[in-house]
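Below is one structure; the comments refer to it alone.
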Amino acid sequence: MKTRINFKKSEGQHMLINTQIIDKIISKANIKHTDTLLEIGCGTGNITTKLLEKAKKVVAYELDKRLSKELKDILKNNKTLKNKLDLREEDGLSADWPHFDKMISNIPFNISLPILLKLVQYNFHSSFILVQKEFADKLFAKPGDENFSRLTVNLKVMCKIEHILKVKKSSFIPPPKVDTCWVKIEPKTDKPNIDCVQFDNFLKVCFCRKNKTLAGNLQTPQFERFLKNTEFIKCSKKFILDSLTQLKLENIRPSKMTVNNFIEAYNFFKEKGIVFEYK
């Protein structure tokens with residue numbers, strides 16, 4: 001790829017230029033001619049142009065107008081592909097995404113976490129995301145692993161995650177400091193009936209101090225703010241300890257809890273009338 005653009009590493013801009021890798025992931029995605037695809041951070045269009053050849057429509061977000069101009073220039077003489085592209089020059093993280101069947105994205109590395117937390121709130125068929133290897137380790141972590149985190153729980157509650165393909169640093173311009181990999185994220189057919197935003201707010205408190213017990217983390221101002229308008233605020237410590245004893249979670253650290261433990265605890269507090277919303 002020849003370009004005079006200076007990419008911003010500080011903003012996670014690393015363009016995938018290995019066409020063999022791009023072709024492999026597009027083949028894995030099994031794109032149908034009726035699919036609407038979503039791409040966050042389309043950059044100069046290395047992946048986008050390939051997606052346009054397969055899909056009915058591609059909704060692509062790119063905040064950096066220097067990069068989106070390159071994509072426009074590439075497509076200016078190709079009316080067929082140009083008409084299938086809905087290019088949105090805005091922040092894909094803060095935008096309300098339209099309907100899409102699949103997401104296929106080399107997401108800017110610095111927004112991988114919030115993008116995936118946003119993704120689980122949507123209905124979609126499957127997503128193929130390129131992330132740093134150390135970030136992928138968090139996705140596949142198990143209870144007790146060093147990388148087990150709020151992100152791990154959020155994704156595993158709602159989705160099935162699969163490692164697809166390793167990608168070397170040399171496949172990018174500019175090359176990142178670490179290797180990356182493509183992962184496939186697919187919604188579970190038996191997803192629990194929970195509010196994703198409220199569940200994540202609950203997890204933020206659970207993981208607010210990694211090496212403390214769940215009981216310790218719930219006895220913090222972060223959790224008490226959710227009790228503010230309930231009958232439990234006057235005896236919050238007793239309520240929390242009694243609740244966790246009932247759940248048999250009184251001495252456990254969040255890093256050792258199973259995904260089901262988190263769901264059970266969240267549902268228990270919800271049934272007590274606690275709303276995990278920031279007001």
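The backbone N, Cα and C atoms fix where each Cβ goes, glycine too.
Predicted automatically and left uncurated, TrEMBL annotations should be read as such.
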Which of E62, E70, E134 belongs with H14, L16, G41, D91, N106 in the S-adenosyl-L-methionine site listed by TrEMBL:
E62
If H, G and I count as helix, E and B as strand, and all else as coil, what does DSSP give for N106 (S-adenosyl-L-methionine binding site)?
coil
Taking residues H14, L16, G41, E62, D91, N106, which bind S-adenosyl-L-methionine in the record, the widest Cα spacing (Å, whole number):
20
Sort out the sequence-distant neighbours of E62 (S-adenosyl-L-methionine binding site) for me: same chain, 6+ apart, CB within less than 8 Å of its CB, listed by position.
G41, C42, G43, S68, L71, L87, R88, E89, G92
Just to confirm: which same-chain residues, 6+ apart in sequence, have a Cβ under 8 Å from the Cβ of N106 (S-adenosyl-L-methionine binding site)?
H14, M15, L16, G41, G43, I47, L130
What count of other C-beta atoms do you get within 10 angstroms of the C-beta of G41 (S-adenosyl-L-methionine binding site), across all chains shown?
26
